[in-house]
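Peer 1: This is the structure I have questions about; it appears just below.
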Amino acid sequence: MLVRLAGNLFKTSDFIECRKLILAVSGGSDSLALLFLVKEHLKTLSVPPEMIVVTVDHQLRRESAREALTVAEICHAHHIKHIIVQWEGKKPKTHIASSARVARYDLLFQEAQKQGATLIMTGHTLNDQVETYQMRCQRLQKNAHILQQENFESMHDGICARDRHVLQQATWENKLYAVCPPKMGTNIAEKSCGLVYERGLSCIPREALLRRAVRLIRPLLGVKRETLQAYLRLKGKTWIDDPTNEDRNFERVRVRQSLHQKKLADIAKKVHEAALQRRQKAQNIADLILALDINVEYGRCFIAKPAPFLQQHPDFPFVLGLFTVLMGGGGYLLPLQKLIALFQKLCLHSAEKKRFTLAGSVIEYNRKGEYHKSGIAFWRESRNLKEAIVAPRKTLIWDGRYQVTNHGSKALKVGPAGLEQLKSLCKKSSFDLERPHYPSLQSLLMISNDKGYDIPELTHHSVLQQNVTIKRIMAPFEWLLSHEDAPFINIVEHFFNIEAKR
């Protein structure tokens with residue numbers, strides 16, 4: 001069993017170009033098994049990476065410091081480098097589990113950067129995967145029930161009173177059909193609903209990218225916890241039992257205790273199928289984006305009105321929602337309700353011009369748009385564009401859209417582009433802008449200090465930019481990018497590459 005267990009967990013690609021890897025080990029059975037399984041596997045590699053074990057002390061329990069030292073003792077006995085990092089500061093009173101998760105990954109990432117490690121491995125198991133699936137199923141069912149009870153009046157202006165009454169009485173499935181005009185394809189909303197469900201139910205990915213810089217791999221996702229505990233017992237190893245794993249105040253514990261072990265395999269199969277569907281969906285989205293005529297420039301995204309068969313593509317609403325969020329600087333993708341609202345409001349077969357706001361973006365549909373084309377334009381709305389200071393040798397995320405790193409010795413002010421500065425640049429600059437669209441231009445990042453100001457997306461090689469690194473980010477995918485989403489993210493990120501546009 002030991003040979004088969006260790007041999008099936010790792011892929012050749014897991015350790016490519018990896019000189020140092022970090023193992024997140026708490027001392028529980030899952031992570032302790034990971035430690036010994038990785039240790040065994042590295043012996044089979046001709047040039048194994050250095051293994052560094054990191055224990056995160058969340059400082060939520062009195063015993064946590066002692067438990068971290070226990071892991072240190074185990075590592076010392078096996079000549080493995082061990083580091084303890086602590087979650088400092090005031091702890092939240094609510095959403096403790098999710099806050100601890102974010103803090104844990106941030107600390108692991110920081111240590112990886114400090115140690116020069118390009119890979120982090122964690123001990124998530126099949127049990128964790130199944131529990132996550134059940135939790136998301138319950139939330140989706142709850143959200144579907146809420147949506148079924150909602151009055152859709154705010155989501156479809158212009159629908160007559162008689163049709164509103166029909167919608168209010170309709171079933172969930174019928175509402176999905178009702179809000180999509182027949183000319184746009186009556187099954188699009190239902191299919192985009194399927195997309196939302198598949199994304200959520202694919203659960204924990206085996207591989208992801210943390211802060212777009214460090215790979216995160218979970219090699220034990222296909223292994224039951226009881227199998228790992230049997231493995232440890234055969235090796236004569238003991239593990240630490242965290243008492244919070246029995247605390248029913250936590251949703252995961254309640255779900256875990258309600259799950260029958262015999263259902264693990266069945267649910268795991270559903271998760272696997274959902275992951276495959278999500279990967280296929282991601283590729284379909286990538287293909288659709290390539291087929292569309294999309295331009296992102298000067299603070300505005302423009303999608304030329306697509307051919308009818310592309311409008312009826314089941315993933316077209318998702319693409320609209322994606323660019324809405326990316327232009328608005330939002331941190332989360334749009335939920336199903338807002339995707340439906342966006343798709344229905346646009347009604348591309350309509351002759352009238354439309355303009356509305358959603359998720360921080362202004363969205364405008366015009367039959368006579370940019371370059372004499374009809375299409376949809378997106379830009380950041382002017383509300384809540386605030387100024388901030390980037391201290392020397394610090395990094396700041398501005399407006400969920402720009403990552404600014406100040407390498408200099410003086411503070412740097414960041415904020416939205418000023419109208420006077422824009423008009424001045426437009427007069428003396430050589431960039432191609434026949435008719436400046438100031439509402440979108442004013443959403444661009446402007447940097448300034450005592451030497452002057454600069455708008456990096458309109459100019460380059462200025463004095464102010466010499467000690468500054470600026471990156472246009474995609475907030476929903478910046479912290480943790482699932483491997484399943486990579487196909488379309490690899491396409492979309494080219495639209496937001498500031499350096500490539502200069």
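Don't overthink the numbers, they just go from 1 along the chain as shown.
Each Cβ is built from the backbone N, Cα and C atoms, and glycine gets one as well.
Any TrEMBL annotation is an automated prediction that lacks curation.
Pasting the feature list from TrEMBL:
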{"type": "DOMAIN", "residues": "20-147", "note": "domain 'tRNA(Ile)-lysidine/2-thiocytidine synthase N-terminal'"}
{"type": "BINDING", "residues": "Ser26, Gly27, Gly28, Ser29, Asp30, Ser31", "note": "ATP binding site"}
{"type": "DOMAIN", "residues": "199-257", "note": "domain 'tRNA(Ile)-lysidine/2-thiocytidine synthase N-terminal'"}
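Each of these features: where is it, how hidden is it, and who are its neighbours?
Peer 2: The C-beta environment of Asp30 (ATP binding site), restricted to residues of the same chain at least 6 apart in sequence and closer than 8 Å, consists of Gly123, His124, Thr125, Asp128, Leu220, Arg225, Leu228.
Taken as a whole, the domain 'tRNA(Ile)-lysidine/2-thiocytidine synthase N-terminal' (199-257) shows an average pLDDT of 88 in this prediction.
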Peer 1: What are the other residues, in sequence order, whose C-beta lies within 8 angstroms of the center of the C-beta atoms of Ser26, Gly27, Gly28, Ser29, Asp30, Ser31 at the ATP site?
Peer 2: Val25, Leu32, Ala33, Leu34, Gly123, Trp239, Ile240, Asp242
Peer 1: Relative to the Cβ of Ser31 (ATP binding site), which residues of the same chain, six or more apart in sequence, are found under 8 Å away?
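Peer 2: Residues satisfying the criterion: Leu23, Ala24, Val25, Thr122, Gly123.
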Peer 1: Of the residues in the domain 'tRNA(Ile)-lysidine/2-thiocytidine synthase N-terminal' (199-257), how many are helix, strand and coil by DSSP?
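Peer 2: When I sort the residues of the domain 'tRNA(Ile)-lysidine/2-thiocytidine synthase N-terminal' (199-257) into the three classes, I find 24 helix, 8 strand, 27 coil.
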Peer 1: Using DSSP, break the domain 'tRNA(Ile)-lysidine/2-thiocytidine synthase N-terminal' (20-147) down into helix, strand and coil residues and give each count.
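Peer 2: For the domain 'tRNA(Ile)-lysidine/2-thiocytidine synthase N-terminal' (20-147), the helix, strand and coil counts are 70 helix, 22 strand, 36 coil.
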